[in-house]
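Report on one structure; see the data block that follows.
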Amino acid sequence: MCCSGFLKIMMFIFNGGIFVAGASILGVGIWVKVDSGSLLGLLDKVEGTPSGLSQLVNVSYLLIGVGCVLLVIGFLGCCGAVRESRCMLLTFFSIVLIIFLVEVVGAVVLLVFQGVADQLLESLEDEVRRSIQTDYGKDEGLTSLWNATMTQFQCCGYKNYTDFDGSPFNVRGVYPETCCNSTITVDVCSQNKAEQSMIDGCFNKLLQLIEENALIIAGVALGIAALEIAAMVVSMVLYKKIGSKA
């Protein structure tokens, strides 16, 4: 009886942890989707974009789905322990095992993407520059998307302000306002002011976003994996205990 009560307490602890971890990974997935949406949206308009770039968005959807399911199974595990329902405990074990396997696959995809992200984004430089120099200032949709992205991430162009050289917007030697530091820009953003400002390109911002989110996701995934393994072990022990009592 004492052992059974201890197992119930452990199930509460593990499933409470899984519930919190599910909320965390759901938040991270939404964060990745929202923050990467505008930057990757720009690359969708560029011809020859590698298909590997879509993996970041796919990982964000995977994280959102896993987070939602973790919230459900955290609640399911607690109910199974309280009601001593073998059916609920077995269902809990099966779902956690499936989620664990999905997380392993998602972690592999994310790690592979992180390793090649620099190369993939670097290979796009010529295509993105060509897109900017052809359509920025002429294509309203692309111009608005670039402006919104550069404002949000405080970046200029793909690599730097020179990406706008020769574009329809640059016919008078003017650059977007985000390419100049507000402390040294009084009127328009000219070439000299843009050069002095040295604003980072959106390439660096996107790469930084990927690296930072990958570290956060890896930390959350390790914690969830440990909780899931422990919860599966405890649920099976409790399942056998309930079966022996019956």
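Cβ from N, Cα, C; glycine included.
Note: TrEMBL annotation is automatic and uncurated.
Cross-referencing C156, C202 with TrEMBL gives C156 as the cysteine bonded to C179, criterion being a recorded disulfide. For C156 (disulfide bond), the count of additional Cβ atoms within 10 Å of its Cβ stands at 28 [all protein chains shown]. For C179 (disulfide bond), the same-chain residues lying six or more positions away in sequence with a CB closer than 8 A to its CB are M150, C156, G157, Y161, F164, C189, A194, S197, I199.
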